[in-house]
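The structure appears below as structure tokens.
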């Protein structure tokens with residue numbers, strides 16, 4: 001019986017070693033996920049960009065990530081009114097900049 005067990009054990013170990021174990025459910029699958037969000041409002045005038053990191057993206061904590069003028073990334077809760085105000089301001093500013101960049105100055 002021992003001669004049959006050894007090859008089976010070796011094969012089982014080889015299979016386990018070759019194929020990675022599946023990740024546990026509920027883990028942060030994405031590398032960029034926020035571990036927590038700040039409830040304290042962030043001044044809108046220091047924010048230059050934003051992006052969403054939601055549960056659908058593999059993140060356990062849904063968040064809006066604001067990038068500041070100095071390059072810091074701050075995680076905020078997407079359901080807060082102050083977060084919506086900053087996002088609206090950034091979208092409005094972005095729309096203005098796109099409108100200005102498409103206009104051509106007259107050639108004199």
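From the backbone N, Cα and C atoms, a Cβ is placed for every residue, glycine too.
The disulfide bond annotation in Swiss-Prot covers 33-59, 34-75, and the record cites similarity to another entry as its basis. What Swiss-Prot records for 100 is N-linked glycosylation site, and it gives sequence analysis as the kind of evidence. Residues annotated as signal peptide in Swiss-Prot: 1-25.
Structural mapping of features recorded in Swiss-Prot.
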residue	record	DSSP (3 states)
33	disulfide bond	coil
59	disulfide bond	coil
75	disulfide bond	strand
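Taking a C-beta cut-off of under 8 Å and a sequence gap of six or more, residue 75 (disulfide bond) has these contacts in its own chain: 34, 35, 36, 37, 38, 53, 61, 63, 64, 65. Cβ neighbour count for residue 33 (disulfide bond) (all protein chains, 10 Å cutoff from its Cβ): 20.
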